[in-house]
Amino acid sequence: MTAIHSLTALDKAHVLADALPWLQKFRDKIVVVKYGGNAMIDEELKRAFAADMAFLRTVGVHPVVVHGGGPQISAMLKKLGLHGEFRGGFRVTTPEVMDVVRMVLFGQVGRELVGLINAHGPYAVGISGEDAGLFTATRRTVVVDGEPTDIGLVGDVTEVNPDAVLDLIGAGRIPVVSTIAPDADGVVHNINADTAAAALAEGIGAEKLVVLTDVEGLYTNWPDRSSLTSSIDAGALAELLPRLDAGMVPKMEACLRAVRGGVPTAHVIDGRVPHAVLLELFTGEGIGTMVTPSAASDGVVPA
């Protein structure tokens, strides 16, 4: 028996009543959710995430999903006999790897998520950064051991044209965005889903960015588990970034970009927890780590 089934009818009513302030706070607001990690591998977590997105839409929140596909891309590369390599937390993307990335993100991962959400109603529509000029990318390098390092067809989002996403939101749909994007010359690049989610959240005026991870939140001194922090401001995070584990850097860079770009708060949450997004949005306790633009000077901490 699951915990929800063990609740009495009165308990369930209290849960709904307690959520009312948060339902009011986020009604008609855009929440960008970066979907990745274990939440997109485990079948139960996939279904729970899809149900969460349908729930948000049903109660008047406007979710926008930006997804990665790292495990699926790695599996397909292995199946095709192609070598996969990471540098500085980013996948090295040759033209051959880019073909696989494009195929897997939009043709496999995105389609599956759209189908799971649409099991709850005709809500989700899949698009990519190539569609309607949503994203324009610029090729990036990463710093590895203090040296700038080429990682191939990997880009940063430098321009966002939000019209297509806003049109879908206005039509009551849930945009599901695959993170591939052309540069100014039309050359398609692999965009890290964390950084793409941050750029999109900034570009469409989101109320919140939520990034799913495979850890409880941000550890300021990993692997010391007592260093898990529930909140951090942009200045402190910027100082901490050079000392973070490589896998967390893109996620925390994304949160930093979002809040510096006008998004009120960004959160990294544990995607291994079923319904983690609902826990973050609709409970006073929240979950994971919240990033704010600056230290609250008035004692008020954003939700």
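A Cβ is built for glycine as well, from the same backbone N, Cα and C atoms used for every other residue.
Under the heading substrate binding site, Swiss-Prot lists Gly69, Gly70, Arg91, Asn190, citing sequence analysis as support. Secondary structure at Gly70 (substrate binding site), as computed by DSSP, is helix. A C-beta separation below 8 Å, combined with a sequence spacing of at least six in one chain, links Gly70 (substrate binding site) to Gly36, Arg91.
If you look up Swiss-Prot, you'll see Lys34 (among others) marked as site 'Transition state stabilizer'. The number of other Cβ atoms within 10 Å of the Cβ belonging to Lys34 (site 'Transition state stabilizer'), over all protein chains shown, comes to 32.
Lys251 (site 'Transition state stabilizer') falls within a helix when secondary structure is assigned with DSSP. Summarising the annotation, Swiss-Prot assigns site 'Transition state stabilizer' to Lys251 (among others) and lists sequence analysis as the type of evidence.
The CA atom of Lys251 (site 'Transition state stabilizer') is located 10 Å away from the CA atom of Lys34 (site 'Transition state stabilizer'). Taking Cβ-Cβ distances under 8 Å and a sequence separation of 6 or more, the neighbours of Asn190 (substrate binding site) in its chain are Arg91, Thr93, Val97, Met98, Val101, Gly152, Leu153, Val154, Gly155, Thr179, Ile180. Among Gly69, Gly70, Arg91, Asn190, the residues given in the record as binding substrate, the maximal Cα to Cα distance rounds to 11 Å. Listed in sequence order, Gly36, Met40, Val101, Val104, Leu105, Gln108, Val109, Ser178, Ala193 are the same-chain residues at least 6 apart in sequence whose CB falls under 8 Å from the CB of Gly69 (substrate binding site).
Of all Cβ atoms in the protein chains displayed, 28 besides its own lie within 10 Å of the Cβ of Lys251 (site 'Transition state stabilizer').
The Cβ of Arg91 (substrate binding site) has 21 other Cβ atoms within 10 Å, all protein chains considered. Each of Gly68, Ile73, Ser74, Thr93, Val101, Leu105, Asn192, Ala193 belongs to the same chain as Gly69, Gly70, Arg91, Asn190, is absent from that list, and has a C-beta within 8 angstroms of the C-beta centroid marking the substrate site.
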